[in-house]
Amino acid sequence: MAQARDRQLVLTMFMVGFGFHNDAWRSPSSRADEIGQLSLIRDMAQAAERARLDAVFFADSYGAKGLRDGNYRGASLYEPIAVMGALSGHTDKIGMIGTQSTSWSEPYTVARQFASLDALTGGRVGWNIVTSTRGNENVGRDEMPLPELRYRRAMEFVDVVTKLWDTWDADAVVDDRANALWVDPDRIREINHRGEFFGVQGPLTIPRSPQEWPVMVQAGQSADGIELGSSYADIIYAVQPEKAAAIEFYNMYKQRVRDKGRDPERVKILPGIMPVVGATQSEADDLAAELADCIVESRARDTLEKTLDLDVSDLEPGDRIPQERFIAGANRVKRWYLFRDLAKELTLRELMVHVSRSLGHRFLIGTPASIADSMIDWFEARACDGYNFNPPSVPEGMNNMFELLVPELQERGYFPTDYVGDTFRERSGLMVSDDDVARVRAKYVKTKP
Ligand SMILES: Cc1cc2nc3c(=O)[nH]c(=O)nc-3n(C[C@H](O)[C@H](O)[C@H](O)COP(=O)(O)O)c2cc1C
């Protein structure tokens with residue numbers, strides 16, 4: 001085994017019980033009958049913990065529109081706060097990142113939920129901050145607020161939450177039984193926040209977190225999203241299928257973090273990746289082919305048409321999409337151009353598989369050695385600080401990642417073989433500095449307005 005390197009990968013996993021590959025749940029070996037139950041998610045979290053992953057990640061959406069169309073992958077069958085509470089007693093060391101929306105909740109509620117979970121888990125919790133792109137119909141709103149408004153609210157929301165997490169000093173609980181004083185009232189502060197969206201006095205009802213405050217995660221790629229993430233987040237999730245673009249994004253992001261007076265080494269950029277791993281290349285190819293066969297063609301066509309904004313109803317699976325159907329424009333995202341170029345080489349079926357497989361995230365089909373080579377190549381080139389694994393299928397594709405690929409990364413010294421440190425922040429190099437605390441405290445209004 002190689003000596004552990006100074007800079008190591010941070011690895012998390014998207015907890016999608018259906019498998020991330022579209023329709024992978026149809027595979028005979030899936031545990032689709034247990035989705036929504038504790039047994040499946042517990043086994044996934046424990047497998048991730050045995051592999052020494054930094055954290056498991058629970059996405060969330062505020063609606064069930066995709067479910068009725070058969071788009072299950074993004075369905076939110078596990079509410080993140082509830083599931084993290086349930087898993088706190090079934091895991092010991094692994095971090096748990098849960099999504100909560102700043103558009104559909106209140107900062108005092110979110111601050112309490114994560115502070116309480118952090119206390120229950122001994123400092124293992126993270127918050128994925130999202131502004132939500134849907135869900136208005138379930139909170140009595142006729143329209144979705146525009147992104148600019150959502151992010152303005154999110155900035156103030158996170159500002160309030162971080163101030164609330166700082167309202168108790170670490171030594172506020174004195175447990176002085178002789179003098180009948182459990183908590184020293186002078187070591188708990190109000191924040192007296194009054195802003196555009198929120199009025200919150202504080203303090204919080206819960207003592208300071210064992211890791212100062214929960215880890216913060218953000219995945220926004222727009223200018224407003226990057227402003228929020230670079231101001232507050234410890235982990236940045238991203239969709240980056242190409243190395244050169246990933247390096248550019250990485251450098252830009254770290255500079256933005258530096259500009260905010262924060263330490264860029266303590267902000268980890270983790271693009272999504274789907275490793276389809278086999279002990280040999282042909283085993284990996286077989287697994288990829290088996291998962292591709294799970295795809296329901298009518299839905300894959302639909303997904304492709306929506307993603308590329310064109311009509312393929314007249315084409316056979318073996319046809320190529322004529323290039324003239326791709327009409328470029330200012331509203332086209334990077335992924336659209338990527339698929340347009342791939343369409344020159346791939347048949348309609350191959351392209352449908354490509355889009356369905358990983359939603360634009362990078363995927364690799366190979367042996368532990370070949371996939372580790374590629375992951376390390378990006379890491380060494382500073383295209384990323386680690387990865388968010390999208391498990392191709394559950395349990396098979398997930399177990400191959402943990403039993404074949406992670407040991408290969410450990411063998412080469414790029415990933416720890418055991419947990420070191422007491423909290424998620426310590427284990428993943430995300431410690432809060434004195435400067436970070438001072439920055440939050442500078443925002444307090446000392447007296448009631
Ligand atoms: C890995 C990853 C996970 C995400 N998880 C969620 C989620 O759970 N809920 C959600 O509403 N949005 C989620 N998003 C969407 C982002 O929060 C964000 O809205 C999106 O990347 C677009 O960026 P923008 O909001 O800056 O335009 C996720 C994005 C990525 C890349």
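Just so it is clear, glycine is given a Cβ too, placed from its N, Cα and C backbone atoms.
When TrEMBL records Thr99, Tyr151, Ser222 as binding FMN, the matching candidate from Asp54, Asp60, Asp259, Asp263 it lists for that site is Asp60.
With a 10 A radius on its CB, Thr99 (FMN binding site) counts 22 other CB atoms from all the protein chains.
Its Cβ placed at the centre, Asp60 (FMN binding site) has 20 other Cβ atoms within 10 Å.
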